[in-house]
Amino acid sequence: MSSITSVELNYLVFRYLQESGFTHAAFALGYEAGINKSPIDGNMVPPGALITFVQKGLQYLELEANLNSGDTDVDDDFAFVQPLDLITKDVYELQRMIKEKKENLQKEREKEKEKEKEKEKEKDKESNRERERERERERGREREKDRQEKERELERDRERIEKEKVREKAKDKEKQHEEPVERDPIKDREEKSNVKHDDNEACGGPEPMDVCTSLSCEISSTDVTILEGHASEVFACAWSPTGSLLASGSGDSTARIWTIADGPCTSSMQNGPSNVLVLKHFKGRTNEKSKDVTTLDWNGEGTLLATGSYDGQARIWGRDGELRSTLNKHKGPVFSLKWNKKGDYLLSGSVDKTAIVWDVKTGEWKQQYDFHTAPTLDVDWRNNNSFATCSTDTMIYVCKIGESHPVKAFAGHQGEVNAIKWDPTGSLLASCSDDGTAKIWNMKEDKYVHDLREHVKEIYTIRWSPTGPGTSNPNQQLVLASASFDSTIKLWDVEAGRVLHTFSGHSEPVYSVAFSPNGEYLASGSLDKSMHIWSVKEGKMVKTYTGSGGIFEVCWNKEGDKIAACFANNTVCVMDFRM
């Protein structure tokens with residue numbers, strides 16, 4: 001990793017002073033440090049860059065202190081320390097502080113357990129007292145009921161005697177009096193019933209649906225449903241492969257399963273309890289930073305949802321929102337989770353440098369792979385028994401269940417490898433890196449088959465098109481999409497190793513791309529708050545939507561008529577797609 005230069009640091013401090021309103025201090029620093037002669041392009045430096053840089057440094061130091069503490073108790077949450085401690089103390093002091101905090105936390109938990117036991121005892125006593133009071137009230141109600149029954153009986157006797165005396169002389173008058181009393185309420189009820197029936201006939205049918213007829217490629221707000229409920233950024237989203245369920249994962253320590261109604265989206269906001277299941281990754285405390293949901297994946301049948309969290313645990317949930325299993329062995333945040341096609345194994349990759357294959361049926365780990373020397377960033381199955389892993393150590397390993405060593409090691413990237421993806425047939429592996437390149441590998445060669453070098457900044461993610469042999473679109477060309485921090489997306493001809501199209505409609509880093517199920521369109525989401533949809537064949541933008549926050553992920557439903565995007569402003573948007 002290259003070090004920051006004094007020129008770059010001076011520029012970041014200069015920008016910080018400017019943005020904070022310290023005009024004179026910024027001028028003095030700029031004059032003395034020769035900022036005007038700096039080769040740095042100010043347009044490429046985002047606002048708040050110094051704060052972001054310092055925060056990331058603190059986070060890495062905090063992560064190092066936790067991971068190197070030697071603590072094997074993975075049930076503990078990560079102990080977070082104050083920023084000033086991170087700045088003024090070395091790793092060993094931080095580890096000692098964390099150990100003390102964990103010991104104190106354990107003592108507090110034991111005290112809380114004792115308090116909970118005392119509360120339960122007191123609750124039981126109070127419950128018994130309440131049951132006794134309820135029985136006493138019930139006996140009182142019975143006595144009162146008996147008294148009222150006796151009074152009613154006496155009243156009925158008096159009425160019978162009185163009626164007997166006046167029956168003969170008041171017979172006709174009594175009839176005339178009783179008939180209207182019986183008839184009027186009936187007539188009233190009939191009239192009310194008729195009024196309600198008429199109202200239903202007048203407004204019972206649905207209102208006509210607004211149809212967007214604009215020739216512009218802007219997606220109309222009437223074709224967008226905004227899902228509200230998360231309390232922090234939404235990092236991940238995924239449609240169920242078999243139904244109309246959409247899962248989302250957030251920094252608020254929850255995942256959510258939304259039921260998306262069939263038919264066109266509406267501009268109304270959905271946040272009621274009727275259409276969403278909340279999957280809580282915490283026990284009572286909602287401010288636990290270490291529970292951020294970082295990744296999620298549905299199994300092939302759409303019956304189980306796996307979530308990965310910053311607390312190092314993977315969890316498996318039913319589509320009904322019930323927690324089925326907690327998978328507990330990693331000692332660092334889980335950044336990637338994938339089901340195999342058969343659905344009997346779940347694969348996880350973690351900051352603790354390892355990947356684990358889990359037996360879903362038993363909820364136990366089957367094999368742990370510790371070949372990397374730095375955090376594991378992504379994992380992907382090749383088939384039901386073999387898979388690939390990539391890491392910040394620049395290496396890619398192909399592993400197999402039951403094998404204690406990698407069956408293949410791919411070296412060639414010069415920077416952190418951010419993502420890996422097998423093509424639909426499992427014969428080609430694509431990778432992308434901070435070195436600005438994407439590479440294509442196959443199992444027959446040790447070196448990459450193609451070195452794709454058109455991007456000018458880090459490549460964050462890649463996706464294969466669902467086309468070519470072995471797919472439901474066998475007659476279409478297989479292509480690879482790459483999304484970069486240079487704000488562009490590129491489509492590659494993987495046979496020739498050349499660029500087919502460059503999509504340059506974004507103004508900020510592109511975090512996510514996704515192909516439509518028919519392979520004809522590509523959706524992209526960026527920190528510039530916009531989602532674009534591109535025609536793969538024509539190489540141009542056909543639809544666009546701008547939200548209120550940066551976009552972390554986009555995904556299509558199985559029919560290809562709806563797209564979901566998750567935003568930094570705590571929302572998920574679902575959009576209709578019609579051409």
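The backbone N, Cα and C atoms fix where each Cβ goes, and this holds for glycine too.
Note that the coordinates shown come from a computational prediction; the quantities given were computed from them, not determined experimentally.
Features as listed in TrEMBL:
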REGION    105-207  region 'Disordered'
COMPBIAS  105-200  compositional bias 'Basic and acidic residues'
REPEAT    227-268  repeat 'WD'
REPEAT    286-317  repeat 'WD'
REPEAT    327-368  repeat 'WD'
REPEAT    410-451  repeat 'WD'
REPEAT    452-502  repeat 'WD'
REPEAT    503-544  repeat 'WD'
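For the repeat 'WD' (503-544), residue counts in helix, strand and coil come to 0 helix, 24 strand, 18 coil, using DSSP. Beyond its flanks by at least six residues, the repeat 'WD' (327-368) meets 63, 66-67, 72, 74-75, 292, 294-301, 304, 306-316, 374-381, 383-385, 387, 389, 391, 399, 401-402 of its own chain at Cβ-Cβ distances under 8 Å. With DSSP classes pooled into helix, strand and coil, the tally for the repeat 'WD' (410-451) is 0 helix, 20 strand, 22 coil.
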